[in-house]
Amino acid sequence: MQLRRNQALESFHEFLKRENEVGNITRQEAVSMVPPLFLNVQPDHHILDMCAAPGSKTFQLLEMIHQSTKPGLLPNALVVANDVDVQRCNLLIHQTKRMCTANLIVTNHEAQNFPGCNLAKFCSETCMDEAKLQRLEFDRVLCDVPCSGDGTVRKAPDMWRKWNAGMGNGLHRLQVEIAMRGMGLLKVGGRMVYSTCSMNPVENEAVVAEILRRCGDSVELLDVSSELPELARRPGLSTWKVRDRGSWFGVHEDVPRYRKSVISPSMFPSGKGSKDIEVNTDVLDADMKDSTDMGEEGEQERNTAIDDSNNGDSAKTEEKTEVDCESGEAPTRYKKLNSTSTRTEHSDYPLHRCMRIVPHDQNSGAFFIAVLHKHSPLNENQVVDWVKSEQSIPEDKTGKLEKDLGSDKVSSEENIVPQQVVDNTNVVDGEQNGDMDSKSSKDKSSEDAKVIVDEAEKGQAGTRDRRRQQNQGRWRGVDPVIFFKDEVTIKSIVSFYGIKDSFPLEGHLVTRNPDTSHVKRIYYVSKSVQDVLELNIKVGERLKITSLGLKIFERQSSKDGSPCTFRLSSEGLPLLLPYITKQILYASAIDFQHLLQYRTIKFPDFVDAKFGEEASALLPGCCVVVLREGHQDIGSIATDPSAIAIVCWKGKTNLCVMLSPLDGKELLERISLRFGLKIPKLDKEKPNQEVTGSGEQPDCANEADDQPESKASDMEIPDAEAE
């Protein structure tokens, strides 16, 4: 805010925004970058970021797996970034596209119900032994869960207007479910980091203790005090009290009967009663009735939602969660509860190994971090017993609860929904309930049938055709991921650009359009992503994939009749550059600068006449222009990690840059500073060289395809491809 308001720093503020947009820098609060550092990521790890949006930690993880690889090579690692909200997924895609990676998959699932891909469940007994080896598990899991966000008040002071103690109580169960799901998807020997931007022990130590309680000896809370020794941290708490509606409780027994459904035993240090909790449904009904009688004030108190913040970690919300909040003054019937419990409990688990980062220790935000190690497969019987004990509301009572609360409140943190709890029995082996898939499949079929009937009645034949095309995948409204196997097109691309055989294309090209004859974009995926996609197809597309891979080719029509209908993408150029042997030019610094500045230049107008001749001799269509410094050897430029190259279009008479204005301006400034060149202004006299202005149209076929590539505008909406 200070940068924005200070006119003296206006240019610096614009510089920061531009560099962030093109991907040279990422702005992120320092304390938020700590959790990924404790994952100890290696170049061959499969990593799951369960609650990834807006994507800063995902970007950090991608940098970790790419930092040790050479140009033109991809790491064996993989990052799966998941978020429950579609809009936040789009933001996540936009943020991570700046990384230009082929090792990322973005999914759209509830974190606590993230699907497992276990081929053994879908195979006959004859292939069971082979199928057992094919399942989706992760070496590292980042579990940065939704929280009340009180640790972010320094950067988001408005948080105090919305914050209350009940927010943490309402999120506790969801946090436990997400953490347990992550532990179920973690490989034996793997590491999971659980973190929040909250200081509430109900959201922190209580969740970690519950994980250890359920998992037994299979999971260990690691002592990482020797890691990052310069980080100022405090140990986790072993004792705490739980606040509810103006009262503090030290043990679960002190909680009133009608509040025991909200304040669970797992929120307390000992966790006693978590295996034998009994929910009195009559009391639940009475409590709901009383809450209804409280009128507008009580209803507002019951339905306070956790608002989402755009600035990163603060109050990230997996789903609309109903929470019980304490208002300024408790309702009359609760005033007698305003008391403090005298009894306290101490946890038997080594919770001091958790980390609490508090703001005044090192002038930062607040964060809680716990590092967990999985020694062996989880004890299935132990988890199943806990689930059965939680599922204690009879079906007839459950139906009444759903009717009273309404369908949109069934999943609230106050109420135990049998279907939700049943799904948790599969946390052990990393799988969801199979019946849930068949149910969702039936629902999907009925929804599709209803849409088709309605459209037929309205006579919207075109819309119906598009909907049918969109729904060819398992997930409604999201285009399927299809391996691109059009050999004729692939051969024409390889021949036109002279792509070396050492660059693997077979099995690495995917698209989102079921009609291969109308494919607009082709994406490149790493071997690790390819394996996950193949497994996902075998198990019936259980993963809802909104984005993946690296855009490498785009369809481009031309009136000049280019032999290749696909041009190179700027995003995929750094990966492909070392393997291109045709349609490639090497320009001097001054000609490279002019290309970026004027964007379209006729062949005779280049300073280096030989360069203009070489450009005119190329086949019409897409080409690559590489910056050549001095007398640098051409053979070594393409493999140089610092090589600078841009995608251009060779027409009949000119060369046209196919780069977004924002990227072009940033690169132009970098080149000018590097070689001490001045940038002449376009609104004044042009330099002595006769170069054509930027207003001249290139020799491309249609105006839409002439538009330069823009990373911001190319952000993929999941169903945009079919349109």
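Placed from the backbone N, Cα and C atoms, the Cβ positions cover glycine too.
For reference, TrEMBL has these:
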type	residues	note
DOMAIN	1-375	domain 'SAM-dependent MTase RsmB/NOP-type'
BINDING	Cys51, Ala52, Ala53, Pro54, Gly55, Ser56, Lys57, Asp83, Asp144	S-adenosyl-L-methionine binding site
ACT_SITE	Cys197	active site, nucleophile
REGION	288-347	region 'Disordered'
REGION	389-472	region 'Disordered'
COMPBIAS	394-412	compositional bias 'Basic and acidic residues'
COMPBIAS	436-458	compositional bias 'Basic and acidic residues'
REGION	684-723	region 'Disordered'
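All chains included, 24 other C-beta atoms sit within 10 angstroms of the C-beta of Asp144 (S-adenosyl-L-methionine binding site). Cα of Gly55 (S-adenosyl-L-methionine binding site) to Cα of the residue listed as 'active site, nucleophile': a span of 15 Å. Looking at the domain 'SAM-dependent MTase RsmB/NOP-type' (1-375) alone, the prediction's average pLDDT is 81. For Cys197 (active site, nucleophile) paired with Asp144 (S-adenosyl-L-methionine binding site), the C-alpha to C-alpha distance reads 9 Å.
The maximal spread of the S-adenosyl-L-methionine binding site, taken as the longest Cα to Cα distance among Cys51, Ala52, Ala53, Pro54, Gly55, Ser56, Lys57, Asp83, Asp144, is 13 Å. Neighbour density around each Cβ, counted as other Cβ atoms within 10 Å, peaks among the recorded positions Cys51, Ala53, Cys197 at Cys197. Non-local neighbourhood of Lys57 (S-adenosyl-L-methionine binding site): Ser32, Met33, Pro35, Pro36, Asp49, Leu142, Asp144, each in the same chain, at least six residues away, with C-beta under 8 Å from its C-beta.
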